[in-house]
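Working notes, structure below.
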Amino acid sequence: MTMPTEGTPPPLSGTPIPVPAYFRHAEPGFSLKRPGGLSRSLPPRPPAKGCIPVSRLFPPRTPGWHQPQPRRVSFLCETSEPLQSPGYDPSRPESFFQQNFQRLSRLGHGSYGEVFKVRSKEDGRLYAVKRYMSPFRGPKDRTRKLAEVGGHEKVGQHPHCVRLERAWEEGGILYLQTELCGPSLQQHCEAWGASLPEAQVWGYLRDILLALDHLHSQGLVHLDVKPANIFLGPRGRCKLGDFGLLVELGSAGAGEAQEGDPRYMAPELLQGSYGTAADVFSLGLTILEVACNMELPHGGEGWQQLRQGYLPPEFTAGLSSELRSVLAMMLEPDPQLRATAEALLALPMLRQPRPWNVLWYMAAEALSRGWALWQALVTLLCWLWHGLVHPASWLQPPGPPATPPGSPPCSPLLDSTLSSSWDNDSIGPSLSPETVLSRITRRTSTPRGRYIPRDALDLTDVDSEPPRGPCPTFEPRNLLSLFEDSLDPA
């Protein structure tokens with residue numbers, strides 16, 4: 001296949017459903033990542049129903065998997081046994097998760113579930129527990145969600161794969177307890193805010209290739225390799241997780257495989273061809289994204305160009321020639337010619353871990369811990385200084401708020417001490433306060449029927465008070481009398 005030259009994008013072809021030409025202006029090219037929060041965070045889903053549907057015609061039947069008691073989930077044994085723990089009391093209303101774990105923080109959440117950082121009350125160790133948001137909607141939905149547990153058990157133990165401790169279902173909700181890892185690669189890149197150093201990229205690439213080689217050697221395909229499913233461990237070691245879309249090649253369920261994120265999808269998946277080469281292509285796009293701080297397109301012409309082996313030179317110009325050649329091997333459009341994980345690990349630049357990678361990780365971790373210690377020390381010194389300067393302010397209880405002293409009522413119209421810098425001739429003759437008050441009284445639209453002294457303002461503090469004239473009286477009359485007066489000839 002002819003490769004497009006630099007600056008000449010390839011035509012829109014190569015997939016069973018080509019993108020129409022009028023979509024070319026939808027995404028005019030490739031762009032950098034948008035600064036800010038999580039760009040891929042989804043809006044919260046509406047609250048799901050907490051109970052199974054109930055029919056009015058047939059008696060309600062509660063399925064066996066919708067029991068309130070927790071039951072262990074495992075595909076290694078034939079029967080599902082009840083979950084037992086020394087700190088769990090079935091008579092209490094709290095769930096097994098609430099009784100056996102201390103929730104510390106929430107690590108992340110998505111459209112289907114949320115992950116918590118917890119401390120086990122059994123052994124005191126830290127774990128991560130993933131809890132699905134909604135209960136099982138039926139047998140098919142339960143089978144689809146339990147597939148993640150089966151994927152973890154098929155993968156087994158590997159230093160670059162997230163380890164599953166146990167899984168259970170309670171009240172129709174699935175829980176997965178895994179080892180605690182650091183933030184995901186997506187969160188790490190968004191916190192970094194720029195392209196990752198190439199030393200880190202090489203280390204991440206080698207770790208995930210080791211995980212994929214372990215999966216592919218057992219005939220397993222991940223089908224959802226992306227930065228959100230790659231987690232950082234101690235000393236910068238990466239681990240691959242989220243095996244919900246895992247497919248075993250040659251099995252009966254391989255034809256019902258589901259695709260992952262379309263931004264990292266291999267082109268052969270659109271034709272229904274599932275293989276280990278799809279994971280290598282997704283990993284290549286992941287490395288291209290984190291190494292170039294590039295926003296991968298969801299579709300359009302840019303999506304087609306990446307599936308035809310086109311690497312945008314404006315992004316890859318800052319990469320080394322070795323990394324560009326590895327990306328070209330991983331993003332080969334033909335899955336038969338695409339390099340495998342085993343072949344990539346045999347390359348000289350990926351055969352052994354680079355020594356400066358470990359030094360970089362150790363220096364970054366030491367700097368992070370030193371900065372946290374410095375912040376804690378500054379906070380302690382500020383607290384001690386405040387206690388020495390104001391020793392009694394933090395010992396005595398706070399008193400009631402003081403009320404400001406009341407000020408005597410003032411009347412701007414009667415205050416003869418007010419002066420103005422304006423020219424008196426320019427604004428007319430000067431008037432005394434008594435004259436102004438009498439004019440205001442005469443211009444009142446609704447006269448009062450009787451003057452009551454308590455309705456007047458308290459002007460006892462004023463030196464001189466103007467004499468009050470007689471107030472006009474008003475005699476109320478009904479409409480009939482007014483109508484008769486109008487008919488009476490003058």
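The backbone N, Cα and C atoms fix where each Cβ goes, glycine too.
For T8 (among others), the entry in Swiss-Prot reads phosphothreonine, with the evidence type similarity to another entry.
What Swiss-Prot records for S31 (among others) is phosphoserine. The DSSP secondary structure for S31 (phosphoserine) is strand.
In sequence order, F96, Q99, N100, E122 are the residues of the chain that are 6 or more apart from S85 (phosphoserine) and have a CB within less than 8 Å of its CB. Annotation note: S85 (phosphoserine) sits in a coil segment as assigned by DSSP. Here Swiss-Prot flags S85 (among others) as phosphoserine.
As annotated by Swiss-Prot, domain 'Protein kinase' applies to 101-350, with the evidence given as sequence analysis.
The phosphoserine feature in Swiss-Prot is assigned to S111 (among others); the stated evidence is similarity to another entry.
Per Swiss-Prot, phosphoserine is recorded for S134 (among others), and the stated evidence type is similarity to another entry. Other Cβ atoms within 10 Å of the Cβ of S134 (phosphoserine) number 17 in total over all chains.
The active site, proton acceptor annotation in Swiss-Prot covers D224. Under the three-state DSSP scheme, D224 (active site, proton acceptor) falls in the coil class.
Broken down with DSSP, the motif 'Membrane-association motif' (373-389) shows 17 helix, 0 strand, 0 coil. Per Swiss-Prot, motif 'Membrane-association motif' is recorded for 373-389, and the stated evidence type is similarity to another entry.
This prediction places the mean pLDDT of the region 'Interaction with PIN1' (389-490) at 54. Summarising the annotation, Swiss-Prot assigns region 'Interaction with PIN1' to 389-490.
The phosphothreonine annotation in Swiss-Prot covers T417 (among others).
The region 'Interaction with CDC2-CCNB1' annotation in Swiss-Prot covers 428-490.
Taken from Swiss-Prot, the feature phosphoserine applies to S464 (among others), supported by similarity to another entry.
Marked as phosphoserine by Swiss-Prot on the basis of similarity to another entry: S486 (among others).
Checked against D224 (active site, proton acceptor) by C-alpha proximity, the modified residues S31, S111, S134 yield S111 as the nearest. Looking at S31 (phosphoserine) and S111 (phosphoserine), their Cα atoms lie 26 Å from each other. For the modified residues S31, S111, the ranking by surrounding Cβ atoms (within 10 Å, all protein chains) places S31 first. Residue environment of D224 (active site, proton acceptor) contains 22 other Cβ atoms, counted within 10 Å of its Cβ in all protein chains.
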